[in-house]
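Copied from Swiss-Prot, the annotated features are:
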{"type": "ACT_SITE", "residues": "C279", "note": "active site, nucleophile"}
{"type": "ACT_SITE", "residues": "H361", "note": "active site"}
{"type": "ACT_SITE", "residues": "E363", "note": "active site"}
{"type": "BINDING", "residues": "S61, G251, G253, L280, Q283, N319, G321, F322", "note": "L-glutamine binding site"}
{"type": "DOMAIN", "residues": "203-388", "note": "domain 'Glutamine amidotransferase type-1'"}
{"type": "REGION", "residues": "1-199", "note": "region 'CPSase'"}
Amino acid sequence: MVRISGFCCAMSLAERQAALLVLADGSVFHGYACGAAGTVIGEVVFNTGMTGYQEVLTDPSYCGQIVSFTYPELGNTGVNPEDEESARPQVSGLIARNVARRHSNWRADRSLPDYLQQHNIVGIYGIDTRALTQHLRSTGAMNGGISTTILDPEELWAEVKAAPSMEGLNLVDQVTTDRPYEWQTPTSQTWEFIEGPTTESLTVVAIDFGVKRNILRRLASYGCRVIVVPADTPIEEILRHEPDGVFLSNGPGDPATVKNGISTAQALLQTGLPLFGICLGHQILGLALGAQTFKLKFGHRGLNHPCGLSQQVEITSQNHGFAIAADSLGPDVEVTHLNLNDRTVAGLRHRHLPVFSVQYHPEASPGPHDSDYLFEQFVALMRDRQPTPVA
């Protein structure tokens with residue numbers, strides 16, 4: 001086993017509680033507990049964003065994962081009610097170099113350690129996150145475990161090795177809504193960054209594979225009536241809402257395992273309705289169109305990924321561990337965006353149907369707003385399909 005330790009100045013020596021991180025390949029990192037006591041197992045991944053830790057922690061796409069933040073200072077701005085992307089934290093665990101016990105921000109109502117404790121999230125700080133990131137970049141994302149109660153590396157390693165791989169894992173059932181509901185809250189005017197239409201009289205059914213709240217806010221900000229439905233909702237029930245378009249949301253796990261979602265997308269393609277997919281929804285659309293997906297070595301998780309194809313580049317927020325295989329796309333599907341770091345498919349559209357999707361997150365939260373126009377594009381497709389009113 002490789003043993004790596006680190007340091008941290010968030011708490012005094014007397015207040016620190018030992019914690020342990022063990023990876024599936026036997027690497028061991030010694031640090032200190034942050035949050036709840038206990039043991040958690042999950043896929044260890046890294047996020048390179050310098051801001052937005054609260055949005056990351058509450059993003060349902062991180063379900064089943066232990067997130068290591070490469071930015072060394074976490075928690076300086078505390079936690080607030082407005083930046084939640086779901087009703088609770090979704091990560092399995094948190095890894096940080098340093099976690100601030102005291103916060104300073106006018107919107108914050110509690111510290112990050114208190115928030116983790118409140119929601120029973122196990123975390124570890126004080127480790128060399130740079131070394132961890134370089135290791136994951138070289139060897140690939142892998143399962144790992146954090147524990148404040150099992151401090152024997154061999155014992156924790158045995159539990160990690162027994163955990164299932166993310167490849168082949170369907171986690172959508174853990175994050176989808178259990179019943180339909182209508183979302184009505186637009187982006188707060190305090191943070192509104194685009195002059196968009198506010199009344200469109202358009203109904204969007206959003207299939208919830210683990211949807212982020214800011215996606216729903218952006219759709220509502222463009223005047224859409226948004227009906228959110230569970231991931232396994234049959235096509236007949238979706239059509240009963242008489243949608244002008246259907247949105248396929250982000251979410252966690254291996255897209256190839258979401259069989260209900262893929263079959264629903266295939267049925268929706270036959271209706272001619274405008275379809276828009278983001279992240280997992282993009283992958284599900286690709287699979288419905290006959291493409292294949294594959295697992296990336298360490299994924300794309302951060303706020304500064306350049307995407308484009310020819311003359312225009314967008315800086316995007318990303319969070320995914322799978323991608324669509326470009327050589328598996330049929331002749332009716334056009335690649336609209338590539339991730340310019342590794343040339344993987346970042347966007348596609350159907351050549352004949354009002355269907356498009358992107359691998360990244362145009363709603364940001366956190367991240368840049370370069371791609372917000374995609375919501376306007378979706379609205380335009382729905383508007384063009386509506387019958388022209390008789391004068």
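Here the Cβ of each residue, glycine as well, is placed from N, Cα and C on the backbone.
Non-local contacts of G321 (L-glutamine binding site) by the CB criterion (under 8 A, 6+ apart in sequence, same chain) comprise E43, V45, A141, M166, K295, L296, F298, G299. Look at G253 (L-glutamine binding site): DSSP puts it in coil. DSSP assigns L280 (L-glutamine binding site) to a helix in the three-state reduction. G251 (L-glutamine binding site) has C279 as its nearest neighbour among the active-site residues C279, H361, E363, going by CA to CA distance. In terms of Cα distance, the recorded positions that sit within 10 Å of H361 (active site) are C279, N319, chosen from S61, G253, C279, Q283, N319, F322. For Q283 (L-glutamine binding site), applying a Cβ distance below 8 Å and a minimum sequence separation of six or more within one chain yields P255, G277, T293, H320, F322, A323, I324, Q359. What surrounds the L-glutamine site, by Cβ distance within 8 Å of the Cβ centroid and not counting S61, G251, G253, L280, Q283, N319, G321, F322, is the set G210, N250, P252, D254, P255, C279, H320 from the same chain.
Counting other Cβ atoms within 10 Å of each Cβ, the lowest count among the binding-site residues G251, G253 belongs to G253.
Comparing C279 (active site, nucleophile) with G253 (L-glutamine binding site), their Cα atoms are 11 Å apart once rounded. In this structure, the CA atom of E363 (active site) is 12 Å away from the CA atom of N319 (L-glutamine binding site).
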